[in-house]
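Chemist: Sharing a structure with you now.
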């Protein structure tokens, strides 16, 4: 078991670039494989989750050249994938499994998706139900709710689907299946989730349109290979944003970060807490907004977080909880029940770890109440096999009275392989 320790910091200073966006990296491989011609991808995140997607498409006959800096994908068109000779292993990646389930439902072959012990516990029925309405044939354990998933490719028909959850993975699975469906497919959701799929589908030339409350796509249109420059992942930048806010005397510039408005809930929340965060050098790249983020240490205050802010910051809540634990007053988080079905139950995991660090935390069904304190206590924290829990508690250690040790940190490699090295480079102990 790998263990990491974080010690109290004097300051966090410097300029950094975080690895490429995880969501965009997944989608670049998928659409580059389905497009006609060559797609080049710069800034691809070489984390375990994204490599699982890359390996899956190689197993379906896609040729990908990798020189260490740029991927060159030889796309075979919408119907150019080949039947895999073995089970496709998604590792810990829910994005890989859910999006590929939609994409593979419209193929002309049989495939099976599996994952690690954590992914095999995560709910899949939320994806299978709309796909079944489109005519897909997908089987899974627990009545279709758990992987492994067996997919018998078949003809699909367009549907109008009102999703009960605001989930980019559910929405994206339906849209990818919609590329193969007869007619038009529409998806609406309670609150707008991240829209990377819509943007990249449009960038590759899909017949897709977004409107107030939803998205529609018409099947059958071929995609064309493109050049993609993947921006830095705001979910990875979030750890360093919080680090600079909670350690007095800190100032940090994070360069080239994707600031898609469906992902900037973390910035809105931290600014509402009193965080000194400014965007500089705003520009656009490959259909996505990008900026440099300047963060200065700040006295934070507790706030209420809920509603449409939640899906815009869904992956950042573990480190938001760390910020809340060091804010003046109480932070109330609601409407975040989705956190209970991530890589682990993130509400329970963060409550457990912050309580060990001396923080007053009360769990609710769909969130938590966190009462801030001036300094956290040193402790031994558990990652529960979740990369974001592990990294959040290592950030917490920077503002503790004594060191915080985190058990089982191998999981950090799923999204941020150089996290600890980058953190050490900007932290003065």
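Just so it is clear, glycine is given a Cβ too, placed from its N, Cα and C backbone atoms.
I grabbed these lines from Swiss-Prot:
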type	residues	note
ACT_SITE	315	active site, proton acceptor
BINDING	22, 23, 27, 167, 169, 315, 342	3-phosphoshikimate binding site
BINDING	22, 94, 122, 169, 346, 388	phosphoenolpyruvate binding site
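A description of the local structural setting of each listed feature is requested, covering burial, neighbours and distances.
Modeler: A 10 Å cutoff on Cβ-Cβ distances gives residue 315 (active site, proton acceptor) a total of 22 other Cβ atoms nearby, all chains included.
Around the Cβ of residue 94 (phosphoenolpyruvate binding site), the same chain contributes 119, 122, 169, 342, 343, each under 8 angstroms and 6 or more positions distant in sequence.
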Chemist: Just to be sure I understand: of 22, 23, 27, 167, 315, which recorded positions have a C-alpha no more than 10 angstroms from the C-alpha of residue 388 (phosphoenolpyruvate binding site)?
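Modeler: Of everything listed, what lies within 10 Å of residue 388 (phosphoenolpyruvate binding site) (Cα to Cα) is 315.
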Chemist: List the same-chain residues at least 6 positions away in sequence whose Cβ sits under 8 Å from the Cβ of residue 22 (3-phosphoshikimate binding site), in sequence order, or say none.
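Modeler: In sequence order, the residues whose Cβ lies under 8 Å from that of residue 22 (3-phosphoshikimate binding site) (at least 6 apart) are 45, 47, 49, 50, 95, 233, 235, 236, 415.
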Chemist: Take the Cβ of residue 23 (3-phosphoshikimate binding site) and count every other Cβ within 10 Å, whichever protein chain it belongs to.
Modeler: 27
Chemist: Could you tally the C-beta atoms, other than its own, that fall within 10 angstroms of the C-beta of residue 388 (phosphoenolpyruvate binding site)?
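Modeler: Its Cβ shell of radius 10 Å holds 28 other Cβ atoms.
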